[in-house]
Amino acid sequence: MVAGLIAPSRAPDSVPAGVPAPVRGAALSLRDVHHAFALRKAPLPVLDGVSFDVEPGAFVALLGPSGCGKSTLLRLVAGLEPPNEGRIAVDGAPLRGPHPSRGLVFQDPTLYPWRSVIGNVAVGPEARGRARAESGRVEEALALVGLSGFSDAFPHQLSGGMAQRVALARALVNAPPLLLLDEPLGKLDSLTRLTMQAELVRLWQDKGFTALLVTHDVEEALMLAQRILVFSDRPARIRADIACDRPYPRHREDPGVVADRRAILDLLGTA
Amino acid sequence: MSDIALVRADGAVRRPAFLPALASVAAAAAWIGLSALVALPPDLGDFGFTRELAIGFAGFGALLLAAGFLHPGEAGLVRRIQGWSPWLVVLAGLLGLWELATAKRAWLPMPFFPPPQAILEVFVEDYARLADSVWHSLRLLAGGYALGALAGFTLGVAIGWSRNVGYWVHPVLRFVGPLPATAWLPLAFFVFPSSGAASTFLVALATGFPVTVLTWSGIAGVNKAYYDVARTLGAREGFLILKVAIPAALPHVFVGLFMGLGSSFAVLVVAEMLGVKAGLGWYLQWAQGWAAYANMYAALAVMALACSGLITLLFRVRDRLLSWQKGLVQW
């Protein structure tokens, strides 16, 4: 089970020694996905026929009003719940439960308070029974998010931004070809947020994973993603599929960004 | 923190409320005074060990005096003695009152309220039997407590984790659990082959109930997102139970262990009084039977010390295991 998780590296000779090899991004496809919450009185529909494809290595933002069902969509893609209807496939294979090849970062860091920083990052290898074999990768993942000096700290000693970096390192340690980000910067202060946005882009460019980012922040989507899927109110349906292929690093004041921002806000405002 | 609190707004460092050295000297004076109270007025009865008690109190006073003159510096022990000085003064006062009320003025009826020197006499003359009783009590308690804690913990995890186990065990637990373990005593003493086995069972029962309930509620209350995180990282059920659910529930488990320890003391003493022919509970009963009231007080003191020591030990273990938690209650 474990051997297939670590995707083969794309170009091992171009990688500096000591850095984990880039992974090939996974392709994702959703076909007519419906989902509803089983409430006591009547089922509450949250996803209404969502279909889209993501090509390997793309950075796609799922944008929509809060509570519209985008986080549910991410949970389905992670495999934490099966969809009521429809098909979700990664690299052509239908999902069967969660898998370490699809990393998930939540809005809350949800670190284990009883584990040190390094212990939290090591959860992935430990859960797969490869703690010893992959201890080097744990250190590397921590270095990747700039927290090498904090291995032995405990979560309650970290700031919100640091805790979220640890959560990111924890997801990256498995070298997932698909990284699912559920408003990971939603609760951070605006300065930390800007820094972390830049870091996310850098990590994505370095590693080559496919990124799926749920956000309700239009600007964040425009700064990070190559493609933005705009969702309607609940039950969520795709209202617009916007290509966004400006080079990185992007600037907030770029007239194109400002115009796109206005257009998307209009779209959401009339929703 | 405390350093900041001591600096006033104008930057001047405020002196602590009292001089530690002075407090230590006051405590020394109180204990030497107590020693004089024991030694000088004649006893209203024939008590051995009046002289020895006076010497002991005087010696303790001299030690306190020495601590007062030593430089506090970084010496932890000296500083701690000085910190306890106000308490030591009050303690000397209370002992003095006791001495007056019994040996010196006999305000309290004599055989029932022995003076401090009589207690000292028990410790010196009967220490072998006391130590043996402590040993028997501890052995019984350790066996029963370990059994009950282990069973309660396992059961609590099983109920919290598995819906099936919960379905079958929950009603039984609700029906039988709240029954005080002592109620089983008459039954246990004829069902089990020996009174020792019966008492071990009762202690285990008293420990097991709170440990089960608290472990269960701890497991049930684990943040569900912790499981999601582990599952997306490749964890299977074994990892979820052992490495997520149990560590997350440990703070609750320790509350259960603490409550279980308290009720196990109660059951232990009753069991020893009624059936087991050894241990501190038996010693209490035996002393009362012979109207040896001084022995009773001595055994009570030893029991208090032992129970407090065990609770302290439990809290130390908890502090070590749960050092990641903030705001732990200090015992």
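Glycine too: its Cβ is placed from the backbone N, Cα and C atoms.
For B:134-315, the entry in TrEMBL reads domain 'ABC transmembrane type-1'.
Taking Cβ pairs closer than 8 Å, the transmembrane segment (B:21-41) reaches residues 50-51, 53-58, 60-65, 67-69, 72, 81-82, 84-86, 88-89, 92-93, 95-96, 99-100, 103-104, 116-117 in its own chain, all 6 or more past its ends. The transmembrane segment feature in TrEMBL is assigned to B:21-41 (among others).
Annotated transmembrane segment per TrEMBL: B:53-72 (among others), in sequence order.
Annotation source TrEMBL lists transmembrane segment at B:84-101 (among others). Counting only same-chain residues 6+ beyond the ends of the transmembrane segment (B:84-101), those with a CB under 8 A from a CB of the stretch are 20, 23-24, 26-27, 30-31, 33-34, 37-38, 57, 64, 107-108, 113, 115-116.
According to TrEMBL, the transmembrane segment annotation covers B:140-160 (among others). Taking Cβ pairs closer than 8 Å, the transmembrane segment (B:140-160) reaches residues 166, 169-170, 173, 196, 199-220, 241, 245-246, 249, 253, 256-257, 260-261, 264-265, 268, 271-272, 276, 279, 310 in its own chain, all 6 or more past its ends.
What TrEMBL records for B:172-192 (among others) is transmembrane segment.
Marked as transmembrane segment by TrEMBL: B:198-219 (among others).
Taken from TrEMBL, the feature transmembrane segment applies to B:240-270 (among others).
If you look up TrEMBL, you'll see B:290-315 (among others) marked as transmembrane segment.
When Cβ-Cβ distances below 8 Å are used as the criterion, the transmembrane segment (B:172-192) is approached by residues 159, 198-199, 201-203, 205-206, 209, 212-213, 263, 266-267, 270-271, 274-275 of the same chain, each at least six residues removed from its ends.
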